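> I grabbed these lines from TrEMBL:
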{"type": "DOMAIN", "residues": "131-239", "note": "domain 'UBP-type'"}
{"type": "BINDING", "residues": "CYS155, CYS158, CYS175, HIS188", "note": "Zn(2+) binding site"}
{"type": "DOMAIN", "residues": "280-799", "note": "domain 'USP'"}
{"type": "ACT_SITE", "residues": "CYS289", "note": "active site, nucleophile"}
{"type": "DOMAIN", "residues": "587-628", "note": "domain 'UBA'"}
{"type": "DOMAIN", "residues": "662-702", "note": "domain 'UBA'"}
{"type": "ACT_SITE", "residues": "HIS761", "note": "active site, proton acceptor"}
Amino acid sequence: DSEGGLYVCMNTFLGFGREHIERHYRKTGQCVYLHLKRHVIEKVPGASGGALPKRRNAKLFLDLETNGDLNNDDFEYEDEAKLVIFPDHYEISLPNIEELPALVTIACDALLSAKSPYRKQDPDSWEEELQASKHAKALVQLDNGVRIPPSGWKCSKCDLRENLWLNLTDGSVLCGKWFFDGSGGNGHAVEHYKETGYPLAVKLGTITPDGADVYSFDEEEPVLDPHIAKHLAHFGIDMLQMQVTENGLTDNDIKPRVSEWEVIQEAGVKLKPMYGPGYTGMKNLGNSCYLNAVMQAIFSIPEFQRAYVGNLPRIFDYSPLDPTQDFNTQMAKLGHGLLSGQYSKPPMKSELIEQVMKEEHKPQHNGISPRMFKAFISKGHTEFSSNRQQDAQEFLLHLINLVERNPVGSENPSDVFRFLVEERTQCCQSRKVRYTERVDYIMQLPVAMEAATNKDELIAYELKRREAEAARRPPPELVRAKIPFSACLQAFSEPSNVEDFWSSALQAKSAGVKTSRFASFPEYLVVQIKKFTFGLDWIPKKLDVSVDMPDILDINYLRARGLQPGEEELPDIAPPIVIPDDPKALDIDESSVMQLAEMGFPLEACRKAVYYTGNLGAEVAFNWIIAHMEEPDFAEPLVVPAFGDVASSGAAGLGAVGLDNQPPEEMVAIIISMGFQRNLAIRALKATNANLERALEWIFSHPELEEENEPSLAGMNTENNANANILAETGSEGPRIKDGSGRYELFGFISHMGTSTMSGHYVCHLKKEGRWVIYNDLRVCASERPPKDLGYIYFYHRIPS
């Protein structure tokens, strides 16, 4: 509450605004609250040229999640604290040692002196002022004739082209340390210091006319070099001609990608700022642009607006005592911040005139900072809870999973993304087929590199790039592969080989092919261009391609047709269970692991998903991942108990029904995550000897059993109460879908800049009120050149028929 201040319960230490404090008192009976209020004082020029204080409407700026900067020289503030006793609202000004017990005084002092946990997480709070190195003044530089070119650098010991450091004594260019996220180098710069004792190095790619990043190996910390210009000139580097590269990366592969950063962010074009409801920016909390881009797209969808912002009063009224730990409250709060327009207001004309007269520009304090939202939604997730860059597609699936588990009212907004995929698997030898269906939320399109329309240009560019690299010259202008969208659709619809296919017709392994079609079309179609892949060394890399994405997309021809006349189904026989003699010899389908890893999931989680789903393919393993993403050991290495430890349960250790006649809980959870009832999942697994693929087929072939087996909510296990409302609304038709026409129109896309999901930056473009708008963290502007061909995730909405 920006006017009424913040009320903190002295028993629970939870904070409330003026509108909610009465309800908290009535619900809990807690009667002692600390009332905090901050009065901001803005300095205005005085008659004598000094600054006079000007009080500003007693606005409270205590951890409001706005982007105000009250630490600059233009503002001062006064804090006011009172103890309030309910229900009479009796106020005691603080400090007041005479009237208050010592214990209350100590509690108030501790609370007033405590720092916000979000400010503690702020990396800026850890920054210290750099000190000049003791080696800078008398640094010895060898006259060995070394000259450093302006680009095309690589480590002289391992040929790495990123995280490179120039030793300021002998001019050696060497790679830095290896980091835990897989980036960095092989530590050759440190090894060189240990061998030679040459203490200072500058990071290539950070050199600008204003300075550079310098590290002292001897002092073991970043330092200042007051003589950096002279030290660089010794090796032929003119600081005035240098410019920093994006993210401080300097490898030759990234240098051409500067154009990608410029095109996607529409650099060099004067963009008009947008203000008002739906045009609110979000502060980047440090590699949180993936979250910002996804949430901007999510809250542009009417179903999400209605579910959270439309139900905001109801959600707040029924929120738990600790609203910071309630998903729906945090979603409603974030949606209100983005859509209300309260945090996206244009500057006053008087302020603009003053800026023009003074020839200065003061940034507007618009936008919101989603600290509390990020802290909650990433809680318990090893990746999203870090400050590292993440995959926007993986975060979108994580968000959908949370929406599914936390229903709000009768409408679940994530229903608009859900669709059914029909998979037709054919035994190549017997020609018999099997049809199954699975739930999905994203259409993933492979990049058909072989269909590039500018192959000659690509070949010529690659030759020039290698020549420039060998001659240590600047690389040529980037040539990006141009891929027809129709080729990506064709690659999606073509049959693919099934690894280790077991044919029930032959009772043996055989060659098999699989094709996928849409059994239903969603209300909103999310299309991912699979730009991220893995090299032979398992290092993730990005395909820098241009895909001509259509504004109008018609995929009705991909509608599934089911069993066709003349086709014969494969017998409904489960493959035999084989227990290996060596418990350490894990049979894991590495191709399925690779497919999941390309989606951005941790490698160990992918291995567990494939193992626990019995190598039934990437799609089934994907459902396992969605059901287990919140577990604390989600990304921990796979640990399988020795078979002797589970001998009493026989084949149950590998997924079959155990002696207690109960199927494995992992498989039950996978089916529940698809929207089916728990007892139906158990019945299906029992009927198919815990074969997950056949259990799903069994459910779809017995729709009449869902009503017979519908349980009461009271009869459900406590561990599934979070899904109780969802399951109760599932009905007799399986997962809720909103089928319709397969004709769509593009309304948004998320783009990525950088070389992998572990680095770079995300930007969102949305079409609103007939024109495109770019959302680049806090900057929200009218788009002049929306780069629709360079997107990563695209959002389409169905065109009414």
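Glycine residues also receive a Cβ, built from the backbone N, Cα and C atoms like all the rest.
These figures come from a predicted structure and were not determined experimentally.
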> Would you kindly give the Cα-Cα distance separating CYS289 (active site, nucleophile) and CYS175 (Zn(2+) binding site), rounded to the nearest Å?
28
> Among the recorded positions CYS158, CYS289, which residue has the fewest other Cβ atoms within 10 Å of its own Cβ?
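Selected from the recorded positions CYS158, CYS289 on minimum Cβ neighbours within 10 Å: CYS158.
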> If you count Cβ atoms within 10 Å of the Cβ of CYS175 (Zn(2+) binding site), leaving out that atom itself, what do you get?
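Step by step: centre on the Cβ of CYS175 (Zn(2+) binding site), count other Cβ atoms within 10 Å, giving 26.
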> Sorry to bug you, but what's the C-alpha spacing from the residue listed as 'active site, proton acceptor' to HIS188 (Zn(2+) binding site), rounded to the closest Å?
28
> Does anything in the same chain, at least 6 positions from CYS155 (Zn(2+) binding site), have a Cβ under 8 Å from its Cβ, and if so what?
ARG161, LEU164, VAL173, LEU174, CYS175, GLY185, ASN186, HIS188
> Considering every residue in the domain 'UBA' (587-628), what is the mean pLDDT value?
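Looking only at the domain 'UBA' (587-628), pLDDT averages out to 80.
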> Could you measure between the residue listed as 'active site, nucleophile' and CYS158 (Zn(2+) binding site) for me? Cα positions, answer in whole angstrom.
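Taking the Cα atoms only, the residue listed as 'active site, nucleophile' lies 32 Å from CYS158 (Zn(2+) binding site).
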> Any idea what the Cα distance is from the residue listed as 'active site, proton acceptor' over to CYS158 (Zn(2+) binding site), rounded to a whole Å?
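Rounded to a whole number, the Cα-Cα distance is 28 Å.
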> Give me the DSSP three-state residue breakdown of the domain 'UBP-type' (131-239), ordered helix, strand, coil.
16 helix, 23 strand, 70 coil
> What other residues of this chain sit with their CB within 8 A of the center of the CB atoms of CYS155, CYS158, CYS175, HIS188, the recorded Zn(2+) site?
SER156, LYS157, ASP159, LEU160, LEU164, LEU174, GLY185, ASN186, GLY187, ALA189
> Let me know how many other Cβ atoms fall within 10 Å of the Cβ of HIS188 (Zn(2+) binding site).
21
